[in-house]
Every structure is written in C-alpha cells, then in structure tokens.
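*Asks:* The feature topological domain 'Cytoplasmic' is assigned by Swiss-Prot to 1-24, 120-128, 200-219, with sequence analysis given as support. Among the features that Swiss-Prot reports, topological domain 'Extracellular' is placed at 46-98, 150-178, with the record citing sequence analysis. Annotation source Swiss-Prot lists transmembrane segment at 25-45, 99-119, 129-149, 179-199.
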Amino acid sequence: MVKLLPAQEAAKIYHTNYVRNSRAVGVMWGTLTICFSVLVMALFIQPYWIGDSVSTPQAGYFGLFSYCVGNVLSSELICKGGPLDFSSIPSRAFKTAMFFVALAMFLIIGSIICFSLFFVCNTATVYKICAWMQLAAATGLMIGCLVYPDGWDSSEVRRMCGEQTGKYTLGHCTIRWAFMLAILSIGDALILSFLAFVLGYRQDKLLPDDYKADGNEEV
C-alpha cells in the first residue's frame, strides 16, 4: 500500500515545484522580451517596409521615416529622411506610423528597464506593469501598421510605384520584410503581455486554497 505524504509536506513539495516552474517561465519571458526589443528596433530603423519590383518605373524602398529612390539619369539611389527630420518624411501618415511604432519600441525597452524593479518591488506587481506596457506596445504597433498604408498616395511613393498607387493600394511596389515583421510583432507583443499577466497572477497566489486549508487543519 502506498503511503501518502502529510498535507504540509505535500504542500511544500508542490510549492517548490510551482516556484521553480514559474521562475523558468519568467526567465523565458524575459529572454523573449529582450529579443523582441531588438526586433522592434530593427523594424523601426530599417527602411524596408515597401520597395520596388521588376515592374516599377525606378528602384527604391521606403521605411517609416527614411527612403531611397533611384535617380532617373543614373542607377544610384538617393536617400533622404531621418527620425528627427520631419520635413523629409513623405506623408503625414508615415509620420503618424513612425510615432506609434517608436512609442511601441520605447514601451518594450521600458518593460526591460522594469526588470530592475524585481529587486525592490513585489514580483507580481512588476509582471503586471510589464504586461500593461507590452499590451500598449502591441496597440502602438497595430496602429502604426494600419496607418502606414494611408501614406502610399504621396508623390514620392507614386513616383516609384507608378500612377496606380494610392491609399492602401501599392501599385507595382511590394511589401518588404520590415512591414511583414511589424505585423507579426503585434502577435508577439500580445503573447508576451499574456505571459506577463499569467506570471503576475500566479505570483499573487502561489498555493491553491485546498493546500492552505489542509495545512491549517494539520496544525
């Protein structure tokens, strides 16, 4: 006959395994958050949101704030734009998209900075703060991706992609990897946010009520 463990001893074993698993998931979440921040910074900086194809009148590509368009007289690309040079950004929609993606980037970086709070604050509270920041970052990325195509009717984009180009119509151009990555990043941010919320609420209640009750009865 199998001998059952006392309630308190079983609770201690459960508690140890529970904490170990929570820490493992927390380390995984933290690592993924750091990797995700690098990804968001890359898609913010890189000017490869849309670009030319074999059918476009000239070569080039556009990002959130910078772009390069081929010279009609030569094969060289003329590049313009910068995050602080708002006058060179082709359209208001691009400026708006840049703002929201930048906001998402800073929120993700902010959630990484919040890791230092684990040493001085309640663990559950820190997880929840990071979760809300990552949820807000997902919202910023979503708004940026939705607004960005509204600027495709700008003269600079039409010059490269053809006269058929308009709002949410890319003409002869194609979507590049940075834009696709930004769309996928929305889901990544939502998953990280969900994990942080789960970790936060798990920290609020490390032991189930039935184990606590059994322990009290044993005493």
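Every residue, even glycine, has its Cβ placed from backbone N, Cα and C.
Show me how these features fit into the structure around them.
*Replies:* Secondary structure counts, DSSP: the topological domain 'Extracellular' (46-98) has 10 helix, 15 strand, 28 coil.
Cβ atoms under 8 Å from those of the topological domain 'Cytoplasmic' (120-128) belong to residues 26, 114, 196-197, 199-201, 203-204 of the same chain, restricted to positions at least 6 beyond its ends.
The list of residues near the topological domain 'Extracellular' (150-178) in space but at least 6 beyond its ends in sequence, with Cβ under 8 angstroms from a Cβ of it, reads 42-43, 46-53, 55-63, 67, 69-70, 90-94, 97.
Beyond its flanks by at least six residues, the transmembrane segment (99-119) meets 30, 33-34, 36-37, 40-41, 43-44, 64, 83, 126, 129-130, 133-134, 136-141, 143-144, 147, 182, 189 of its own chain at Cβ-Cβ distances under 8 Å.
Below 8 angstroms of C-beta separation, residues 33, 40, 49, 64, 93-94, 96-101, 103-105, 107-108, 110-111, 114-115, 117, 167-168, 170, 179, 182-183, 185-186, 189-190, 192-194, 196-197, 200 of the same chain, each at least six residues beyond the ends of the transmembrane segment (129-149), sit close to that stretch.
Within the same chain, residues 22, 25-26, 29, 32-33, 36, 39-40, 42-43, 48-50, 101, 104, 108, 127-128, 130-132, 134-135, 137-138, 141-142, 144-145, 148 sit at least 6 positions outside the transmembrane segment (179-199) and bring their C-beta atoms closer than 8 Å to a C-beta of that stretch.
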